[in-house]
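Q: Once you've had a glance at the structure underneath, I'll fire off some questions.
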Amino acid sequence: MTDAKLIDGNLFSAKLRETITARVAEMKAAHHITPGLAVVLVGEDPASQVYVRTKGKRTVETGMRSFEHKLPADTPEDALLLLIESLNKDPEVHGILVQLPVPKHIDTQKVIEAIDPAKDVDGFHPVNVGRLAAGGDALVPCTPLGSLLLLKDTLGKLGGLDAVVIGRSNIVGKPMAQLLIKESCTVTVAHSQTKDLPGVVRRADIVIAAVGRPEMIKGDWIKPGATVIDVGINRIELPDGTKKLVGDVDFASAVKVAGAITPVPGGVGPMTIACLLRNTLVACARLHKLPEVEF
């Protein structure tokens, strides 16, 4: 059997950003409106700093406005909530993202709930979570949305397919399951307590791995020809002391069985920022009561 088709997230996300750039230009020309994304970073976490820099760069590249607010790690919770309140009221800001994790003295849920749901481009606010569950027009979390776009690009219509989502986090697992239900898949949500996890995975046409355990899902768990979306990003140390990024799927064995698979890195990762920009554009159009943006 030949190796699985590689699902190239870099290529797809680049095309999506091109489309977003064109839609932003159209919005500016027709309505004199420029979408704006505000990113708030509290503290000095190195990984978060890289993410924020990349988000800012990509935002500007698409023709949107980028507003960065970098706060010291000891910023009081009230001060952060006041900043969010001012961004909620700012007509030039259409998307608000607070980079997670925040320092321990700040209540993450309180921060999420302080963001105007119409500007919640992470899709974490309970209003957006509820709308997604009810099948309404929600701003959808970026990683599940990116995963869904890759799936639809690879498979076309998803209706009737059996899908397993391994992981039940609020950020990936739960919203991913809701998106697949909306696409008329038959969805199983599996996790650490699932009995016979390999057997459950083996029945699935679509496997979404979002469990946060390096290379946990083995090739012999996968149904031949299945499509595998690996959301995991884990840094492991090799015997020679060097470090390597791997997913939640054992790529070397899975690539020999699956029909299509996302690599790590270069699969789902690049889609996350592209979908953040997509959400910002969608939020901007809705806030200004413009027609829904087509991608």
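For all residues, glycine too, the Cβ spot is worked out from N, Cα and C.
Dumping what Swiss-Prot says about this protein:
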BINDING   Gly167, Arg168, Ser169, Ser192, Ile233  NADP(+) binding site
Q: State which of the following binding-site residues has the fewest other Cβ atoms within 10 Å around its Cβ: Gly167, Arg168, Ser169, Ser192, Ile233.
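A: Result for the binding-site residues Gly167, Arg168, Ser169, Ser192, Ile233: minimum number of other Cβ atoms within 10 Å at Ser192.
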Q: Among Gly167, Arg168, Ser169, Ser192, Ile233, which the record lists as binding NADP(+), how far apart in Å are the two most distant Cα atoms?
A: 18
Q: Using DSSP, would you call Ser192 (NADP(+) binding site) helix, strand or coil?
A: coil
